[in-house]
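Before any comments, here is the structure.
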Amino acid sequence: MSVNTQVQRSLFDEVMVPCYSPMEMIPVRGQGSVIWDQEGKEYIDFAGGIAVSCLGHCHPVMVEALTEQAHKIWHLSNVMTNEPALRLAKKLTEVSFAEKVFFANSGAEANEAALKLARRWAKETHGEEKTEIIAFIQGFHGRTFFTVTVGGQPAYSDGFGPKPGDITHLPYNDIEALKAHISDKTCAVMMEPLQGEGGVLSPTNEFAQAVRDLCDQHNALLIFDEVQTGNGRTGEFYAYQGLGVTPDILSTAKSLGGGFPIGAMLTTTELAQHMKVGVHGSTYGGNPLACAVADAVVNYISQPAILAGVKEREAWLKEGLAALNDKYNIFADIRGKGLLIGAELNQEWQGRARDILVASGNNGLLLLVAGANVVRFTPSLVITKNEIDQGLAKLDQAIASLL
Ligand SMILES: *Cc1c(COP(=O)(O)O)cnc(C)c1O
């Protein structure tokens with residue numbers, strides 16, 4: 001790229017809506033779990049976007065699927081039957097409980113569809129009164145107004161005027177609170193089967209089972225938001241498969257396209273029938289390019305050897321973090337499942353997750369935070385042992401630089 005066309009960080013402040021504050025470095029190329037910036041500086045990627053790049057960067061399986069489809073057809077309206085969309089939908093029904101699929105372009109849109117379906121189902125089968133959506137404090141479901149209001153972080157949903165109504169937030173992992181509150185007026189309970197943004201918090205098996213049982217007792221639907229946990233992230237294809245609790249509706253996005261935007265809502269035939277022609281839709285939902293890439297990603301990730309590899313990598317990464325903790329005494333807890341890992345800072349390091357993120361960036365390592373006290377790791381599901389070792393060495397340097 002010639003000097004006069006080089007994009008600089010200052011251009012962001014000039015032309016972008018300031019709802020983000022990106023790092024100074026400008027990544028321009030990626031291969032596997034390595035990224036290079038404009039200056040040619042190398043970074044190990046422990047973030048994978050935000051749990052998106054499940055096959056790393058520019059994996060041949062994705063590049064091949066995208067280029068092949070790019071030479072065939074890019075877009076079809078929903079007036080047409082679309083080969084890549086139907087292939088992907090078929091595959092998603094094979095790897096999950098689902099019988100029917102609705103395609104969207106993002107996690108928020110998949111969740112929006114899930115919530116609208118739940119409300120529509122409740123109205124058509126139980127009447128006007130059954131509208132309550134129960135969700136959990138610190139949960140995250142996206143940024144459309146409905147989904148952000150269902151999310152349990154008022155900092156994200158306040159300040160936009162009147163909110164969509166009849167949404168209740170309860171503490172996560174608190175069976176008694178749910179039991180005390182849920183009623184026949186509850187339309188659906190929406191939860192992440194492992195809270196990602198909220199701090200990498202797993203549900204207990206008892207809680208997951210209790211949510212399912214209480215939904216059944218009150219004829220409420222259970223919606224699992226698997227936007228972050230889905231597509232192999234936890235070592236199961238979907239996290240619900242490791243919890244032994246099956247939802248009625250599941251949303252998936254992030255890793256589904258491995259870096260190409262796509263989301264999907266999965267459900268049963270019985271529920272799906274409430275979304276008749278005209279009830280819901282999306283112009284780009286089911287886009288052939290997106291579906292061709294996602295089909296290749298799902299076919300690859302759903303192989304038992306790949307899923308087993310996620311658990312192997314979880315062990316490597318957690319062992320490495322434990323070793324760093326022995327050396328620096330920095331973490332109070334190392335938790336999460338598969339390659340959705342959170343390291344919670346101890347008392348002495350309170351509030352410094354962002355400092356660690358910045359120091360890591362300076363030392364050639366990309367990672368994430370989940371709140372002020374949790375450092376989050378969501379690398380590629382096929383990251384190599386060597387890349388993990390390199391990343392941990394950089395994290396070691398980063399922590400040392402903060403002492
Ligand atoms: C990222 C995320 C979303 C939102 O997805 P977008 O593609 O940004 O709309 C929703 N739910 C969960 C659990 C997420 O992690």
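In case you wondered, yes, glycine gets a Cβ from its N, Cα and C as well.
Owing to the predicted nature of the structure, the values given are computational and were not obtained by experimental measurement.
The record from TrEMBL ties Gly107, Ala108, Asp225, Glu226, Val227, Gln228, Thr283 to pyridoxal 5'-phosphate, and of the options Phe140, Phe207, Phe260 it ties Phe140 to that site too. Annotation: Gln228 carries the greatest number of neighbouring Cβ atoms among the binding-site residues Gln228, Ser282, Thr283 [cut-off 10 Å, Cβ to Cβ]. Taking the C-alpha positions, the distance from Val227 (pyridoxal 5'-phosphate binding site) to Ser282 (N(2)-acetyl-L-ornithine binding site) comes to 18 Å. Listed in sequence order, the binding-site residues among Ala108, Glu226, Ser282, Thr283 whose CB lies under 6 angstroms from an atom of ligand 1 come out as Ala108. Under DSSP, Asp225 (pyridoxal 5'-phosphate binding site) is assigned to a strand (E or B) in the three-state scheme. Listed in sequence order, the recorded positions from Arg143, Lys254, Ser282 having a Cα within 10 Å of the Cα of Glu226 (pyridoxal 5'-phosphate binding site) are Lys254. For the pair Gln228 (pyridoxal 5'-phosphate binding site) and Ser282 (N(2)-acetyl-L-ornithine binding site), the Cα-Cα distance reads 22 Å.
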